[in-house]
Protein chains: 2
Amino acid sequence: MRKTIATVSVSGTLTEKLEAIAAAGFDGVEIFENDLLVCPLPPEEIRARAADLGLGIDLYQPFRDFEAVPADLLERNLRRAEHKFRLMERLGAGLLLVCSNVSPDAIGDDELAAGQLRLLAERAAEHGIRIAYEALAWGRHVNEYLHAWRLVHLADHPNLGTCLDSFHILSRGSDPIGIEAVPGEKIFFLQLADAPRLAMDVLQWSRHHRCFPGQGNFDVAGLVRHALNAGYAGPLSLEVFNDVFRQAAAERTALDGMRSLIALEQDLAGVAHPAVPTGFAFAELADTGPLGGVLTALGFARTGRHPTKPVELWEQGGARLLLNSTGADPALIAIGLDSPDPGAAAKHAETLLSPVLPRERAVEEAKLEAVAAPDGTEIFFCDASWLGDFNPAGPVEEPDEGPGEGRSEGPITGIDHVALTQPWHYFGEAELFYRSVLGLRPQESVELPDPYGLLRSRAMSSVHGSGTGDGVRMVLNLARVGAADVPWQHVAVACRDIVTVARRLRRDHPELLLPIPGNYYDDLEARQDVDPELRSLGILYDRDDHGEFLHLYTVTVGRVFFELVQRIGGYQGYGAVNAPIRLAVQHAGDD
Amino acid sequence: MRKTIATVSVSGTLTEKLEAIAAAGFDGVEIFENDLLVCPLPPEEIRARAADLGLGIDLYQPFRDFEAVPADLLERNLRRAEHKFRLMERLGAGLLLVCSNVSPDAIGDDELAAGQLRLLAERAAEHGIRIAYEALAWGRHVNEYLHAWRLVHLADHPNLGTCLDSFHILSRGSDPIGIEAVPGEKIFFLQLADAPRLAMDVLQWSRHHRCFPGQGNFDVAGLVRHALNAGYAGPLSLEVFNDVFRQAAAERTALDGMRSLIALEQDLAGVAHPAVPTGFAFAELADTGPLGGVLTALGFARTGRHPTKPVELWEQGGARLLLNSTGADPALIAIGLDSPDPGAAAKHAETLLSPVLPRERAVEEAKLEAVAAPDGTEIFFCDASWLGDFNPAGPVEEPDEGPGEGRSEGPITGIDHVALTQPWHYFGEAELFYRSVLGLRPQESVELPDPYGLLRSRAMSSVHGSGTGDGVRMVLNLARVGAADVPWQHVAVACRDIVTVARRLRRDHPELLLPIPGNYYDDLEARQDVDPELRSLGILYDRDDHGEFLHLYTVTVGRVFFELVQRIGGYQGYGAVNAPIRLAVQHAGDD
């Protein structure tokens, strides 16, 4: 389907917007009036610029407060419209969006409204222009899409149709199934926006918090399906008012918009996601030296070396970590995902415009497909063959573990989740990436206090139930703090018996454990019957309706720390309630 | 009155919070539980730290979801309470805030609720602790302050009273006059917060958008007056949850909170503001050279020189500008205000904790009282004598004006307003400063699109009607753009006849005029019957219910530009509707 986007959805001057939109592969644009008014180029030059970029001008918008007015005001409104028609001729735009009147002057009279819309359509027809009439969610008398359609039907003019906007329909909780009652050829335009569920005035919600389909809570694809069932054959057009997009780089926002439409089309086509990850193959950490000691203390053993790269494989149970000593400070740089079909997964990522990473490799090495996530983390799609890339490790120090445990055996059983901190302008891009490219399901965002700001956190998962090994869990964090971004990332490993691990760590490496305030345990013990040993071991506790959660943190090395977690019963969370404790202690460590 | 503040209101670790709060001069604190839980110090040390700083611990808060529950839950809740009582003994806190139950387990039964509150009070009494019960605006059954009081009255225990919170009362639109029905000695605590009027879920509103009294739209002083009339004699306590305060420097936030309480007390005492400015004496601009040419082009003449400082006086009509060539790039550095009593104004500013600036001056110079505004701009309180500081200027170039006009005469008649850009963490501080220190009345905030973000703009004024000379107008801007702050400031001068001034500028100095896109005029002419000459002169147009507004902008020099404005009739605005045009053209000039 043809894909377009309103210029208001991205930042910059009109010229910059058009260039970014064309570069992202859109077929056309809606010119948002304010973007034109502030542009120094005359309409003819804007038209030429768009044409040079291969962009059609599919819509000019919005024309406000036209219909259902007293006769004298109608005259003035028609004069306004004539000006706009002449402008649109210069611009080469054939479709004008008229949104329902919000003025106190508007009269609640459908006959009057329809008659005036018909008059407008007649005038438009003289210029070869068509009118798409839309119900704003906060329109004075017309605020339901079926009401707008009733007026269009009543006016009955070939140059008058309706415009449907997913935000205006879904924000009011209207059932979009009614779209199927509208003849497809009378749906002149379809504007798409998603939004997080927010309990606020719909006008403010619309103007500041819209986002691209797949980034919010609305079923935008379901709405589009109704439009297609009705016979709609026009473009899918993004129209997003978002405070963050206004401040972000236009190129990235436009590309992300295109990704959202491609994902939506795949969804509509009923394409099953080709490669939802079934587990973590590995997490790769840049290291200048200190991480080996931490891993040893946690009971990991070095079990392999890459023959050509400065990369070591460390293992314990099903948890595999790579230490990459190419010189960067400790940070999480790559994630390997167990993929049922790595080739299909990479190809799918490529259809969704993810940057595919070139892999330097020796002939005999396993081919690893990889893409870059929005924050630059490399995502590898792996089958079992990747382990063959590693030679058995040479002589290593004995791992610090009890007798009788095998080299890669131990209380740690696998990677439970990884948590990545996102740059704040691109949190929505990350949500869409993990959802569409990896097929993870987002959970609700939570906001957590940090001593110097707030942390927004959203878990994404492909896990059914609470086990490991049948999917992956990731946590996206967004730190909004005064001084600077909080860059911490972490790898959480699952334990069979966290108390035993913690006892050993407390005995042999107390310096690696993040100290937890006694006040936390005083409060915990007031709320719960918990083992008093949790306090002495620095283990945190949470519970939900499904089970219990025990976890502890190591100190931070570079940007990275480790979390040890034990899920008991069907606990489904991530211990978010305890994150403020961790953040405060980590900040105290900044001093 | 005793002044306290909840630790949640400022950023940092608990220790940093206490230090900032003590430095601002508060008498005590409410310890917010989460701040204690994340603190590594045991309660005894927190108590000692507070005592060392001269702070009492007036309240511990909050204790949640206690009352009106089934018997088994009551037992657990009493166990929780006993833990908290022991903690409070260690902390040396004698008053516990209990907020109304929000849990679905709560039962809507006043007798049950009161009985359980009485039980809690009995237990508390054994520890010498008192309970302040508060209605949360979103409490499940108890959400009105008079309902909370009814339960306290019914429970009838000396250790049980009520806590009033201005946010919870005023956000619901409840009439605070009912406070006078509560015996003063049963009001155990009074929490104060203001808030901007926002149409959103009250819980989100409360958790993210509270602010200090005087920064929002609530009549907090009116509510306090009712509490005083009731006989309340406890502290005035600030309790503010604010996303920006969480990220700002604790010292500044605490000081600003103290300023808000002092201003509130002055308000309660019925103190008339001693020195509302009656006009602009001058605006002072740092200059490295280029501004003299701009002022000459605008028809200003250099009429004076300071005998000892590198400062020139430039005049036209009642508009006086100082150019200060001490080396800084062009920027607005000071504002002189005509003050009926400069000494009283400075003293008033000092009572409100404004930093009074030391003035180096020669013996014969007028004494100028000055304070620093939150963004560092110097604010001078002037009587007519300041002009005597300047010697008549030496030989100057003839100002570029028509024959027959006197040196300091011309079409410009005075300063209409000045606009300052605020650092985003301290916009609320600026609002409170201009309101309390200068006695200006705030107008509603507006949000305006910028090509790379949004501009928040709030006008503050002491003008009655639309004239100049009987007050001052200021505009505070807050730029939230992606790349960097927009640092632009401007001085708007009032013209008798802007068209004549613009014609001359267009003829002689077209390079100084900000070019306005033709598309703007196409749209303007569609909406209004306006003189077609506006287009050729680059004059922008607005109207409101009271009159019309013509204005134009110069290009920016350093951080500064000039606006020429003509108010026709009783126009009361600032042409905000045209600001997006200006911002886009200014950004285009960045290239």
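Just so you know, glycine gets a Cβ as well, placed from its N, Cα and C.
According to TrEMBL:
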type: BINDING; residues: B:Glu134, B:Asp165, B:Gln191, B:Glu239; note: divalent metal cation binding site
type: REGION; residues: B:392-411; note: region 'Disordered'
type: DOMAIN; residues: B:414-555; note: domain 'VOC'
type: BINDING; residues: B:His417, B:His490, B:Glu563; note: Mg(2+) binding site
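In terms of DSSP helix, strand and coil, the domain 'VOC' (B:414-555) has 43 helix, 53 strand, 46 coil. Those residues of the chain, other than B:His417, B:His490, B:Glu563, with a C-beta within 8 angstroms of the mean position of the Mg(2+) site C-beta atoms are B:Asp416, B:Val418, B:Ala419, B:Val475, B:Val491, B:Ala492, B:Val493, B:Phe561, B:Phe562, B:Val565, B:Tyr574. B:Glu563 (Mg(2+) binding site) and B:Glu239 (divalent metal cation binding site) are 41 Å apart (CA-CA, integer value). Taking CA atoms as the reference points, B:Glu134 (divalent metal cation binding site) and B:His417 (Mg(2+) binding site) are 45 Å apart.
Sequence-ordered, the extra residues of this chain that approach the divalent metal cation site, with Cβ no more than 8 Å from the Cβ center of B:Glu134, B:Asp165, B:Gln191, B:Glu239, are B:Leu97, B:Cys163, B:Leu164, B:Ser166, B:Phe167, B:His168, B:Phe189, B:Leu190, B:Leu192, B:Ala193, B:Ser237. Counting only same-chain residues six or more apart in sequence, the Cβ atoms lying under 8 angstroms from the Cβ of B:His490 (Mg(2+) binding site) belong to B:Leu332, B:Val418, B:Ala419, B:Tyr553, B:Val560, B:Phe561, B:Phe562, B:Glu563.
Taking a C-beta cut-off of under 8 angstroms and a sequence separation of 6 or more, B:Gln191 (divalent metal cation binding site) has the following same-chain neighbours: B:Ala6, B:Glu30, B:Glu134, B:Cys163, B:Leu164, B:Asp165, B:Ser166, B:Phe167, B:Ser237, B:Leu238, B:Glu239. Under the three-state DSSP scheme, B:Glu239 (divalent metal cation binding site) falls in the coil class.
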